[in-house]
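Feature list (source: TrEMBL):
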TRANSMEM  6-30  transmembrane segment
TRANSMEM  42-59  transmembrane segment
TRANSMEM  65-86  transmembrane segment
TRANSMEM  98-118  transmembrane segment
TRANSMEM  138-162  transmembrane segment
TRANSMEM  183-210  transmembrane segment
TRANSMEM  230-253  transmembrane segment
TRANSMEM  265-284  transmembrane segment
Amino acid sequence: MTFDPAYIILTTASLASIYGLLAIGISIIWSSLGMINMAHGFTFAFAGYGAWIAAHTLSASAPAVLLAGIAAGALSGLAIAGVAFIPLYDKPNFPLRSLIATLGISLLGAQALLYVFGPRVKALPRIFGYGRFHLFGIAITADKLGTIICAPVVLLAVLIWARTSRRGLQIRAMMQNPEGAALVGVGLRSTALAVMALTGGLAGLAAVLLSQTYYVSPYSGLTPLLKGMIVALAGGLGSIPGALIAAVCIGFVETLTAVTLGGKFVLITQFLFIIVVLLIRPRGIAGMLEQTRE
């Protein structure tokens, strides 16, 4: 592949938008609930199928498909909270119990999707069209432009909501000091449901955006889960600014590797990147890795 700086920039921005949605969700869940959600990949796949069903039964328009993906992701997040958080959060060794529970949900959920929809991949409609645009002399496809616009707009809306709404302030309090938030009357269960619905919706949006290029399958969430974990760890588990910075770095590493070495070396270079980052900054780029829950 020819080394094209414009291609590098645009592809990095597109990948960073998707990885950022996933990593921020993983970081919010960890910092507010103390849970590593291994079922985040299942939420991704479930939301993709939800968007596919909506596209074939309701409307193939961009708003309908995007809203269906977000709604399906939020529904999956609520279900995961009902199974892996609410019954377990006050039990001993909650982080380990929830890790095993969400891993089980991921495995069983993938098998359920395989049973219901079969092994054949599903293609979502090109909700942004097939056109190409020229921006400042740079050619960009409609799907990449849509991703680059949609993800930051939604993240900005979420950040504004988190800073201005009562529920958003409760989530921020849980992220900063869960014990203190509980002492001043923040409801743990209701806030956990809001957190899981919010992060599930972000994963659902990522599923629709990524499925503009790839396909929906029962196991389509495994690689995004891995990439989201890599970004969250590199940024510092629990840090939203760190996750955003790491998403850009990981997207750049992936794009540069694919252009220069080939796609088969992408995961290798990404793991090398996170190893170097954690050797230099053990807490991640801007995170709270050392502040583990008891």
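Every residue number used here counts from 1 along the chain in the order it is shown.
Cβ from N, Cα, C; glycine included.
Since we're looking at a predicted model, the values are computed, not measured.
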So, taking each listed stretch (138-162, 183-210, 230-253) in turn and counting its Cβ pairs to the transmembrane segment (265-284) that are under 8 angstroms, which one gives the highest count?
230-253
Taking a Cβ cut-off under 8 Å, which residues six or more beyond the ends of the transmembrane segment (183-210) line up next to it in the same chain?
17-18, 21-22, 24-26, 28-29, 32-33, 37, 40, 43-45, 47-48, 50-51, 65-66, 69-78, 80-81, 85-86, 89, 124, 127, 146-147, 150-151, 154-155, 158, 167, 170-171, 173-174, 216, 220-221, 224
